[in-house]
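Taken verbatim from Swiss-Prot:
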type     : residues     : note
ACT_SITE : Asp9         : active site
ACT_SITE : Glu70        : active site
ACT_SITE : Asp142       : active site
BINDING  : Asp9, Asp142 : Mg(2+) 1 binding site
BINDING  : Glu70        : Mg(2+) 2 binding site
Amino acid sequence: MVKRILGLDPGLATLGFGSITVQPDESLQVLDFGVIKTAAGEEIGSRLLTIYEDLHTLLQHFQPDLVAIEKFFFYRMSNTILVAQARGVILLVLAQHHLALMEFTPAQVKQTLTGHGNADKQEVQLAVQRELKLESLPRPDDAADALALALTASFQR
């Protein structure tokens, strides 16, 4: 049975997504990846609504069996609050769709994909490119991170 996994890299300004399938023979295929962007000048409520609506659309389009998301941890205080608000909207939408969720810390993703938990961003992106047989490094970074989360989930099942 084909399994669809959607990786999400939470953010208020840019939310990365990456959708992959795991085939019955365990081979991996990229369906799509990209970002949901919100305008910095908009009020926070409007930005969260954009995430809410666009994420519903993504879920209807990809129909994932599982969603992988970065586990929340603290950044700078102002950024932490904004990411937490966006993450709350993401969790709400996932609950509305009754989707299974796996959470990973950045160190878990790095360890799974590169073999060491202190890998830099380029090492992770090269691992994503290699595992998914992409012609070039996935861009932008938020989408690459989302693909890395989806890949990590595929290896953990």
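A Cβ is built for glycine as well, from the same backbone N, Cα and C atoms used for every other residue.
Asp142 (active site) falls within a helix when secondary structure is assigned with DSSP. Cβ neighbours within 10 Å of Asp9 (active site), excluding its own Cβ and spanning all shown chains: 24. Around Asp142 (active site), a 10 Å sphere centred on its CB holds 23 further CB atoms from the protein chains shown. In sequence order, Leu8, Asp9, Pro10, Glu103, Phe104, Thr105, Pro106, Val109, Asp145, Leu149 constitute the residues six or more apart from Glu70 (active site) in its chain with CB-CB distances below 8 Å.
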